[in-house]
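Pasting a structure below so you can have a look.
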């Protein structure tokens, strides 16, 4: 045993760059100093620009943020769709309307996808962050399994399942699988119903493909939101359909339903309490 220890000491001597206990203590002390140091000053909310620079975008009004995110998601999902006639991935069979891949399905575009996402949001009343998280889960699914594809046959059920998972993770009051099965029938009354058994099967496939990797760091979430806003702003000037979708979505958020969204409508002011009057002494 002593011979083995001597060999280990010779291999890991300080001459070969091995740190001593004193070196480790100094590094730990440096780490503690950095940890306890005050954070750097926050950058200004609006950068200072000169007169000849590009004009900054106007601040978004209530409801416009959610509209930009939803429309951006639908635009990118349309871009991700496999071309017509592409082979359907058998691993996502649970997300098909039926067991046959030969049955024709309606075409999917930004308007159709936005109508689906908009109606699902208005029916289930989850927070807008769930839509972004759902889109990020779909991206993560495709990055983990590059052979999978989003197709017109599976995209709506895939979005339904990803929104359901995101809503369970993010919102304080999660909905049940049966709630999303009922919501499907209300959002798409002309489509084939999705029973709760099918919703359960989709969830098992979705979570298994993700390996239950559902954590999203804040910086990745903010980067995704920024990308969604940039996509819509870039194409809104050349696509006349986008302003109409944005206006429709924002009008719903700020119209008569405004009170249903606590992150937009401020709570009503409390009535001041009247001071209690003292009863006269008898």
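Cβ coordinates come from backbone N, Cα and C, glycine included.
Note: TrEMBL annotation is automatic and uncurated.
Since this is a predicted model, take the numbers as computed values, not measurements.
Per TrEMBL, region 'Disordered' is recorded for 1-52, 261-282. Positions annotated as compositional bias 'Basic and acidic residues' by TrEMBL: 1-12. The compositional bias 'Acidic residues' annotation in TrEMBL covers 22-33. Look at TrEMBL and you will find 110-214 tagged as domain 'Cyclin N-terminal'. The annotation compositional bias 'Basic residues' is assigned in TrEMBL to 270-282.
Help me picture where these features are in the structure shown.
Note on the domain 'Cyclin N-terminal' (110-214): its mean pLDDT in the predicted model is 94.
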Looking only at the domain 'Cyclin N-terminal' (110-214), what are its DSSP counts of helix, strand and coil residues?
73 helix, 0 strand, 32 coil
